[in-house]
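Asks: Below is the structure I would like to discuss, written out as structure tokens.
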Amino acid sequence: MIKYLDLQKINASFEPELSDALLRISRSGWYLHGEATARFEQEFADYCGTPHCIGTGNGLDALTLIFLAYRESGMMNAGDEVIVPANTYIATLLSILRTGLKPVLCEPSSETCNIDVAHAETLITPRTRAILPVHLYGRLADMQGVHDLATRYGLKVIEDAAQAHGAIYNDSLQGRENRSLRAGNLGDAAAFSFYPAKNLGALGDGGAITTHDATLAAIVRSIANYGSTEKYIHQYQGINSRLDELQATVLSVKLSRLDKDNARRREIARLYQENIHWSRLELRSTVNIGGINESNVFHIFPVFSSRRNELQRHLAAHNINTQIHYPIPPHHQEALKQEYGMQQLPITERIHNEELSLPIYPLLTNEEAGQIIDCINTFA
Ligand SMILES: *Cc1c(COP(=O)(O)O)cnc(C)c1O
């Protein structure tokens with residue numbers, strides 16, 4: 001049986017450091033807002049190249065806190081619009097809705113599955129305040145295009161980097177020549193998730209915000225702590241969202257191997273790219289556009305087929321597990337249907353109908369990848 005993702009195997013590969021680190025925290029008597037969290041925040045900020053990193057309870061909170069902080073600072077008001085790709089995990093949209101803002105759904109490019117900047121421009125109104133690119137499947141969005149648009153219309157750029165820890169933008173970004181150009185450092189603020197299955201995953205929930213904006217960072221940190229910077233003094237109607245000491249220490253251990261793990265994901269992607277009989281099977285992959293390089297950390301290896309469900313069953317019959325990201329697009333979900341259900345989003349809908357994710361976690365062996373390739377190539 002080839003698992004889609006083997007978290008037990010992944011986390012075992014960090015032993016004995018992982019258990020040592022956990023034991024140290026459990027014996028320390030200090031579990032929240034402590035040294036391990038401060039240390040991880042500093043390490044992750046340095047890794048991304050931003051001066052600020054604030055740990056949060058999860059990725060949804062990280063996104064939500066960014067918008068709450070813009071609301072509190074008066075830079076965004078109720079009903080203001082945020083342009084966001086229609087093909088994303090629902091969390092991206094919920095963070096906007098939860099903060100009284102309005103998601104405006106944008107079709108992606110069918111080649112990259114990331115936001116189509118030309119289409120985004122057609123959605124701009126006097127109420128547009130921000131654009132929220134999602135680096136879907138681990139591939140960076142067209143950030144130069146996003147920046148040009150944001151500069152022209154005075155928009156904030158917020159990255160949903162929940163699937164792209166460590167991805168590096170290849171081209172220079174105008175106005176940011178002296179910056180390290182990793183995900184998390186490509187906009188005004190970025191949100192990460194450390195959900196166990198992400199490229200950098202905790203042993204439970206976790207998230208973070210990275211930013212260059214010191215004012216935003218301070219407001220976010222306060223709102224995440226009940227709106228308080230000084231004990232029992234509350235400036236905002238905050239929430240409680242913290243990265244705890246146990247998760248932070250796990251993340252420090254795992255961050256040290258992130259680049260290596262991402263490189264291994266790219267090796268597996270290359271095996272798939274070079275050995276799957278794409279044309280014979282009329283399979284498509286976003287990977288075949290733009291090549292395999294550091295701007296893609298392959299959180300997911302997507303293939304697209306009009307016979308997706310059959311292909312998934314064929315692989316399952318040969319003991320190979322796959323997943324679909326995602327079976328139902330957000331605008332067709334019960335939770336959002338009333339407001340968004342009537343929108344025509346054919347590219348988004350096609351992606352959800354045709355996408356299949358192949359196993360690509362760093363500890364997948366070449367032999368297993370070979371079996372997966374053979375099995376796909378025998379699909380008639
Ligand atoms: C995982 C994910 C989130 C949410 O992260 P949680 O930690 O589960 O709250 C948000 N956006 C995208 C694109 C994700 O993949």
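Please read every residue number as a count from 1 along the shown chain.
Using the three backbone atoms N, Cα and C, a Cβ is placed for every residue, glycine included.
Computed from a predicted structure; not experimentally measured.
In case it helps, TrEMBL gives these features for our protein:
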type	residues	note
ACT_SITE	K198	active site, proton acceptor
MOD_RES	K198	N6-(pyridoxal phosphate)lysine
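Tell me what's around each of these sites.
Replies: In the three-state DSSP scheme, K198 (active site, proton acceptor) is classed as coil. Annotation for K198 (active site, proton acceptor): spatial neighbours A162, Q163, H165, F192, H299, criterion Cβ-Cβ under 8 Å with sequence separation of six or more.
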